[in-house]
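Asker: Taken from TrEMBL, the feature active site covers Arg330. Feature annotation from TrEMBL assigns Mn(2+) binding site to Asp574, Lys731, His761, His763. If you look up TrEMBL, you'll see Thr898 marked as substrate binding site. Residues or ranges marked as domain 'Biotin carboxylation' in TrEMBL: 38-488. Annotation source TrEMBL lists domain 'ATP-grasp' at 158-355. Residues annotated as domain 'Pyruvate carboxyltransferase' in TrEMBL: 565-822. The feature domain 'Lipoyl-binding' is assigned by TrEMBL to 1099-1168. The N6-carboxylysine feature in TrEMBL is assigned to Lys731. If you look up TrEMBL, you'll see Lys1134 marked as N6-biotinyllysine.
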Amino acid sequence: MLLQVGGKRSALGLLAIRRVWSMSRSAHTAPQTLEYKPIKKVMVANRGEIAIRVFRACTELGIRTVAVYSEQDTGQMHRQKADEAYLIGKGLPPVAAYLHIPDIIKVAKENGVDAIHPGYGFLSERADFAQACMDAGVRFIGPTPDVVRKMGDKVEARAIAFSAGVPVVPGTDGPISSLQQAQEFSNSYGFPIIFKAAYGGGGRGMRVVREYEELEENFQRAYSEALTAFGNGALFVEKFIEKPRHIEVQILGDKYGNVIHLYERDCSIQRRHQKVVEIAPAAHLDPHLRDRLTADSVNLARQVGYENAGTVEFLVDKHGKHYFIEVNSRLQVEHTVTEEITDVDLVHAQLRVCEGRSLPELGLKQDKIRINGYAIQCRVTTEDPARGFQPDTGRLEVFRSGEGMGIRLDSASAFQGAVISPHYDSLLVKVIASGKDLPAASAKMSRALAEFRVRGVKTNIPFLQNVLSNNQFLNATVDTQFIDENPDLFNLKPVQNRAQKLLHYLGHVMVNGPTTPIPVKAKPSPIDPVIPPVPLGEPPVGFRDVLLREGPDGFAKAVRAHQGLLLMDTTFRDAHQSLLATRVRTHDLKRIAPFVAHSFSNLFSVENWGGVILVWHYCFLFFLCFLSPSLSPSLLFDISLLIASFPVFVRFCEVAKENGMDIFRVFDSLNYLPNMLLGMEAAGAAGGVVEAAISYTGDVSDPTRQKYSLDYYLKLADELVKAGTHILCIKDMAGLLKPDSGHLLVSALRDRFPDVPIHVHTHDTAGAGVAAMLACAEAGADIVDVAVDSMAGMTSQPSMGAIVACTKGTKLNTGISLEKVFDYSEYWEVTRGLYAPFDCTATMKSGNADVYENEIPGGQYTNLHFQAHSMGLGNKFKEVKKAYAEANKLLGDLIKVTPSSKIVGDLAQFMVQNSLTRAEVEERADELSFPLSVVEFLQGHIGIPHGGFPEPFRSKVLKSLPRVEGRPGASLPPLDFQALEKQLRDAHGDEITPEDVMSAAMYPKVFQEFKEFTRTFGPVDCLDTRLFLDGPKIAEEFEVELERGKTLHIKALALGDLNKAGQREVFFELNGQLRSVLVKDTMAMKEMHFHPKALKDVRGQIGAPMPGKVVEVKVKQGQQVEKGQPLCVLSAMKMETVVNSPLSGTVAKIYVTADSTLEGDDLILEITE
């Protein structure tokens, strides 16, 4: 059963060899009387690019063409390229259709086909198919059935090669049928060995075994794969040669015994024994070895009387010895490179030989075949190299190929709109590059691949580009282990796909409306803001230069010594955050930043970042919101920071400072000193100016309100100054500072700390902001916060223009030009119109002095107003405000700054939604399902409030829940930033920035959602705000600048009808070319879904207490639950609520899953008692 090489004895025996030689010899020496019979009609029993390749050759020769196709291939291009096309294999699986010989022969006979070309794969090496053609009187364009049989049987082909004196790899002399036979071979020759399919190629049914323990599994896998691919699981075994080159020789024979070679191809670059890149000729091949390879190939072909095209394949070891492995009795996928270097059309030759022409008649004589340059073929496939070359399927949304001199493309399904099927080979297009030498051909191939744009499915192009840039490839020293030994080939450059992703986003907005939650139905203004003129050159010197020159301590002294009042502009952050139920996009901030730098260099600073702003930008506006100081190099950038986990905060301060933040306003929502001291330490260590902020509430001028008295604030200030703050800040988030109270507080602080700069921040909700800030300035404040006029007032900061005008000509003169303020204000007035759906004026027409009673912070006042409207409580906002005051008392009279203000707001809305009074909440605290934020506050998650927690309310709500003792976060282990970065790179690729790591550390879920959004929709920050929020109108034309020098010209064309999959096709014109995207219509899908409501009179039916999304279901069907046990968590408008069981019993049925979107009273689950 064994065949040996060299001096070893062969089990075939001498007589068997003589018989093989005698049969072979007679096959090509017998006299033949042939005549030329023109072919008039050719069928290709194949699909895809090889079918089209043959059709083109037929058309050039004036031959009519016939295609066959399966039911799954009705839309494939090959059937459209033929003169006629017919369905085969109706009702059969996709591959089986092309293997159904009776159907193929029937179509050929019924339609007057003279000859059938088998292509490659499928039936191309099936002798029974070749014989069926002959029996039907149809010519088979290939070798005779007998030769196909001999060459298709790899064992017999090896015997013929051996008899012809061609070296072969040691192996079995027949197909093996059992694992025991494989074990016998491995015992004789040792490992490694290789299983090969006896009746097919292309790498299928091929498995390398390196040790005994792997033998059984690989035998079974190879058998199964061969059976699936070729209908026969027969295998044979060979000794595996380590790291050989895979060299194959193209041969061509005719019916008269003439055989020539067309030189060799190097197919060593393989993945799992499947060729990836082919080169002709083989580089650095010893001329004597080339002669031996070609001579052996021609001799072997003559031995069997080979006619038509074929390939003889060899392995060449590192010593230059070559071994025959097989003959492919068909046209190869890589025949193209041979055509390019020899200028011989192999398909033309196949057809002419089949007609009866001789090679000399065709001008094909060995001495006329010359090598001209080099050619490379890359097989572009719809496979994802990052996922083990897993095939990808779907619709080609974009297809743009690389072309130009020296490039040839052979394809079939490579066009926009084509659907890549999962049923067949993943080959998309063959790219062939030719050049005078290998480097020239490589350069052309690299250039062509770089020009490709394939969107909608993954391709292996990034991998091929890595291969072409690899030094081992460029030096032509590759072998069959090249891919396995070069893991760097899988360091893939991400495909940007920016334009198509943006079209997906625009289409999504056109079909489904804004991705950002819109509180009211107002539309963004159609008018775009105009940027005021900006002078050329560098902006004037500002306070940032003082900081850079003298450091934080010197900077603080300069501020204190400054004559006049300094202003901080909050327009870039807190102003718009307070007026709008969203955040202004960086797109709009960047446009006006240069004007601000040139016109307001004597501002103290520009506030442009806040602790909560990151969440909103990630959640709803989908961009990271650090504003580069390069846009305003002379201005100080101010950042407001809420203290949380210390290790994370330390790193955050470092990253913020690296990104250009200068002043760190450190605050705690409860004025919890341990938190603040850690924050000050971190900000100072990062090199920033430390501005410790005292969060203000109450009224220091009212002697009846003693919890937050003047003495309380002075003692707190003592601790902050002692800790080394550079600037002392009063942070009045609710706008409670009246002129008298502001004057009193600032005067006391100034008397106590004459050398420390004082900075005052307030809101203008009651309308007294300008008066209060002027009073603070008169009392000794160095800096007050303002917003440009069109973004000032109401829940925002006091007006910049008003302060500038009121102090002009006084000792408090700001030195700011009113004319520049007016220009600045005009830009923001128009920009504000773009955010009309979020503007507080949509639901609120003025400020309100009742803020002195309810103490709602400015930004929260706006958000609560919108939340009330979104939850159907718009007509109850007055009740919400009253409930806010009551909730504040329930919680012990808190300082209300994010997040403590949110906790009070959540409780207030909960009370209004459920029609609860303060007394009822206190009475039923042990059974109500409180908002999660309230529960966590009472547990101590944000610190200990001044005066302690309210009792017995706290104990009744928490029951047995754990409590946090001391500073929150103190017990947290240090975060391993390196491990987190590695985790992010593994999940999102190598383009992870320090800002990404920081964001993921603080808000892991939000950051993950942000990355998923940008992966789907691309750089939406490039879009104008109106387009981002509302999408384009039909026939609207617009431009999108991706980066400097790269601008997209887009026109929205049409919106298609709803298809069966619930999608609409949206059509665009992009840079003059038609593009379309398929978008799922979420509203249409929602209309098909009806969620049951909870019946209020049925005790066990648990309904949603508010509209929202299910975050987590905490129980399972059939589970026993106790009264008060958490059932699920809902989220709406940034508020999470735990729904607790109102009774004990068994969960009978659950109606929701995680991510379910619910309306109020939608049924969550049923409990039976």
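Each Cβ is built from the backbone N, Cα and C atoms, and glycine gets one as well.
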Asker: Quick one: which residues besides Asp574, Lys731, His761, His763 have a Cβ within 8 Å of the Mn(2+) site's Cβ centroid, in sequence order?
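Answerer: Those within range, site residues removed, are Thr570, Asp732, Met733, Thr762, Asp785, Gln797, Gly858.
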Asker: Could you tally the C-beta atoms, other than its own, that fall within 10 angstroms of the C-beta of the residue listed as 'substrate binding site'?
Answerer: 19
Asker: Helix, strand, coil residue numbers for the domain 'Lipoyl-binding' (1099-1168) per DSSP?
Answerer: 0 helix, 39 strand, 31 coil
Asker: What's the CA to CA span in angstrom from His761 (Mn(2+) binding site) over to the residue listed as 'active site'?
Answerer: 82
Asker: Ranking the recorded positions Arg330, Lys731, His761 by other Cβ atoms within 10 Å, which is at the bottom?
Answerer: Lys731
Asker: Please give the average pLDDT for the domain 'Biotin carboxylation' (38-488) in this predicted model.
Answerer: 92
Asker: How many Å lie between the Cα of Asp574 (Mn(2+) binding site) and the Cα of Arg330 (active site)?
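Answerer: With distance taken Cα to Cα, Arg330 (active site) is 73 Å from Asp574 (Mn(2+) binding site).
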Asker: Which whole-number value in Å describes the distance between the Cα atoms of His763 (Mn(2+) binding site) and Arg330 (active site)?
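Answerer: Computed Cα spacing between His763 (Mn(2+) binding site) and Arg330 (active site) is 82 Å.
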Asker: How long is the line from the C-alpha of the residue listed as 'substrate binding site' to the C-alpha of Lys731 (Mn(2+) binding site), rounded to the nearest angstrom?
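Answerer: If we compare the Cα positions of the residue listed as 'substrate binding site' and Lys731 (Mn(2+) binding site), the gap is 12 Å.
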Asker: Given Arg330 (active site) and Lys731 (Mn(2+) binding site), what distance in Å do their CA atoms have, once rounded to a whole number?
Answerer: 82
